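> Pasting a structure here, questions to come.
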């Protein structure tokens, strides 16, 4: 994919042909970059220890193979100066083969990713924040891929290839009811060419596909921040990622809602602005609640300091009291001479033990004999 991206980028400088007002090589370039990023992410994910790794690696191989075939066909059609997606020109045999590849390869691509998400989502493949980012990211990416099928509902449109031949497309990217000629060629943003006059299904599709990278970057950033913030524990970071994951899913849903209403991303109406503002507020409050719950309370810090100061003051008082008592108490210099003499008399007059007491048996017998 990286090699295809480099090739398409170089071809843009040597080939001036255009489709829908942009270089014929821009579309395969964007697809190659997107697949390269997602494939690298998926390869890293599957390298983590997890159950059913043989199955997931086989599914990863299916994903990679179908991705190469799909992007390869887009490159071939760009070189031929015509359209790859939704092309209904059955007189073109190469196009017929390519449309058959799309019809069989895209579902394989989607279901391979779906099965990987199902297998991995109930396992903890890394630390809590990273695992949660993977779980949410895979679910959002599957949702984003599924949005590609909704483009079929945008309606047919007539256009021309680079040679000027008329081509009928079964669908397109732009949602603009009533426009059936060159609908996707209307005004668009630089580079992405997302429509500025109507809704564009590529926007939620793109946001959903790359949600996993956004959430993984968030988990990585929180891990770096935790080195300086000890209270930012693994549990707290996982909860933050959970809030961000739900918020990102809400963002993709809002982008889809905006596109289906034939509304450009850069020209939102009042309802759209309120919806985005509400989503942002919910995410901010959610993250703030997690942070406040996980962070030591600022009110408890002065209390802890006061308690520590009180303990120190009490210890100092005890030391001072002990020092005073030692200074005023009579010193015990040991027994004096009088005490020693009294003790000696007590020993002499005190009764002795049975083993050392004098025997009186002989004296008693003499007294009886007299």
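Each residue, glycine too, has its Cβ placed from N, Cα and C.
All TrEMBL annotations are machine predictions without curation.
Straight from TrEMBL, here's the annotation block:
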type     : residues : note
TRANSMEM : 31-48    : transmembrane segment
TRANSMEM : 60-80    : transmembrane segment
TRANSMEM : 100-122  : transmembrane segment
TRANSMEM : 134-152  : transmembrane segment
TRANSMEM : 203-226  : transmembrane segment
TRANSMEM : 238-260  : transmembrane segment
TRANSMEM : 272-294  : transmembrane segment
REGION   : 295-370  : region 'Disordered'
COMPBIAS : 305-325  : compositional bias 'Basic and acidic residues'
COMPBIAS : 342-370  : compositional bias 'Basic and acidic residues'
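Would you situate these features in the structure and describe their surroundings?
A Cβ distance under 8 Å defines the sequence-distant neighbours of the transmembrane segment (31-48), meaning residues of its chain 6+ beyond its ends; these are 1-2, 4-5, 8, 56-57, 60, 63-64, 67, 70-71, 74-75, 113, 116, 120, 125-126, 134, 141, 206, 209-210, 212-213, 216.
Below 8 angstroms of C-beta separation, residues 1, 4, 7-8, 24-25, 27-28, 31-32, 35, 39, 42-43, 46, 87, 94-95, 98, 101-102, 105-106, 108-109, 112-113, 116 of the same chain, each at least six residues beyond the ends of the transmembrane segment (60-80), sit close to that stretch.
Nonlocal intrachain contacts for the transmembrane segment (100-122), taken as residues 6+ away from its ends with a CB within less than 8 angstroms of a stretch CB, comprise 42, 45-46, 50-52, 55-56, 59-60, 62-63, 66-67, 69-70, 73, 84-85, 134-135, 138-139, 141-142, 145-146, 148.
Tertiary proximity for the transmembrane segment (272-294) is limited to same-chain residues at least six positions away from its ends with a CB under 8 Å from its CB atoms, namely 231-233, 235-236, 239-240, 243-244, 246-247, 250-251, 254, 257-258, 263.
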